[in-house]
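Here is what Swiss-Prot says about this protein:
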type     : residues     : note
TOPO_DOM : 1-28         : topological domain 'Extracellular'
CARBOHYD : Asn5         : N-linked glycosylation site
TRANSMEM : 29-49        : transmembrane segment
TOPO_DOM : 50-56        : topological domain 'Cytoplasmic'
TRANSMEM : 57-77        : transmembrane segment
TOPO_DOM : 78-93        : topological domain 'Extracellular'
TRANSMEM : 94-114       : transmembrane segment
DISULFID : Cys97-Cys189 : disulfide bond
TOPO_DOM : 115-144      : topological domain 'Cytoplasmic'
TRANSMEM : 145-165      : transmembrane segment
TOPO_DOM : 166-198      : topological domain 'Extracellular'
CARBOHYD : Asn186       : N-linked glycosylation site
TRANSMEM : 199-219      : transmembrane segment
TOPO_DOM : 220-239      : topological domain 'Cytoplasmic'
TRANSMEM : 240-260      : transmembrane segment
TOPO_DOM : 261-271      : topological domain 'Extracellular'
TRANSMEM : 272-292      : transmembrane segment
TOPO_DOM : 293-309      : topological domain 'Cytoplasmic'
Amino acid sequence: MEDGNTTLLTEFVLTGLTDHQGLQVPLFLLFLMIYLITVVGNLGLIALIWSDPHLHIPMYLFLGSLAFVDAWISSAVTPNMLFDLLSKNKMISLSECMIQFFAFAFGGTTECFLLGTMAYDRYVAICKPLLYPVIMTNRLCIRLLVSVFIGGFLHSLFHVLFLLRLTFCNSNIIHHFYCDIIPLYNISCTDPTLNLLLVFILSGSIQVFTIMTVLVSYTLVLFTILKMKSLQGIRKAFSTCGAHLLSVSLYYGPLLFMYVLPASQQTDGQGMMDSLFYTVIIPVLNPIIYSLRNKQVTDSLKKRLERHV
């Protein structure tokens, strides 16, 4: 498409993780294995929660939703990355690029809200155990989950709509392994300052809000644990919160660097490594973390395995 003497680009080239021919097949096999483990692990966790009536409580409904979001994030990025590792044609259209970014951003924002909601759930479970069934009902849980997914959808849609104001005319090379928003801004012919400001304000606000929710919730949880005199109660509290706290710690580190640190301070290599950790590594770790550190999940899994052995 042309506008005067300027050709507007509608197709882009993803540089991918590496252009070293000797590394592409080993990386393909590695990430294919990780992706299969991610999908099987997260969908298996969802199936386990769905099939066990004892796990039909808010805590595990949130966990099942987290497993779905992790599988979604990985599926939004990894299949295309695997294809590009073996393909000589690394082209992607602008519309496909926006769809991929929307899918990824929807999952990322939803997980952000979800981790904050899960922290509040842990706070109620530990600090107000007698009132937990009254406060955290399944009805409230479903309302919270609907709000979380709507929030993720609207935030992602907002950024995609603002992407439409940008034009691309100089370079069609995206130095990344998927269509992320910052690399697109870097090759835009239109001044992306407004878009960058919105990313900083909106993404930063969401992260600050959810991080504060997590910090306040776990500060109150810690005070409650310190008042406990029963060793069994302390162990149960740590069992309830430990997996979620570890998951939160792994999640927010790379995310802060990806979207809050100014783009001028990030290198392409650093950005890709942060994205790789967030889109590939965390989704495969979460079901392992929650399965190994949660007694009810492990007990339910053992029962299912014993029935089929």
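Every residue, even glycine, has its Cβ placed from backbone N, Cα and C.
The average pLDDT for the topological domain 'Extracellular' (78-93) in the predicted structure is 87. The Cβ of Cys189 (disulfide bond) has 14 other Cβ atoms within 10 Å, all protein chains considered. The DSSP secondary structure for Asn186 (N-linked glycosylation site) is helix.
When DSSP labels each residue, the topological domain 'Extracellular' (78-93) comes out as 9 helix, 3 strand, 4 coil, counted as helix, strand and coil in that order.
Most Cβ pairs under 8 Å to the transmembrane segment (199-219), among the stretches 29-49, 57-77, 145-165, 272-292, belong to 145-165. Summarising the environment of Asn186 (N-linked glycosylation site), the number of other Cβ atoms within 10 Å of its Cβ, over all protein chains shown, is 17. Outside the topological domain 'Cytoplasmic' (220-239), and at least 6 residues removed from its termini, the chain residues within Cβ reach (under 8 Å) are 122-123, 126-127, 293-295. DSSP assigns Cys97 (disulfide bond) to a helical segment in the three-state reduction. Below 8 angstroms of C-beta separation, residues 64, 138, 296-297, 300, 303-304 of the same chain, each at least six residues beyond the ends of the topological domain 'Cytoplasmic' (50-56), sit close to that stretch. Under DSSP, residues within the topological domain 'Cytoplasmic' (50-56) fall into helix, strand and coil as 5 helix, 0 strand, 2 coil. Cβ atoms under 8 Å from those of the topological domain 'Cytoplasmic' (115-144) belong to residues 56-59, 61-63, 66, 209-211, 213-214, 217-218, 220-221, 224-225, 237, 240-241, 244, 247-248, 251 of the same chain, restricted to positions at least 6 beyond its ends.
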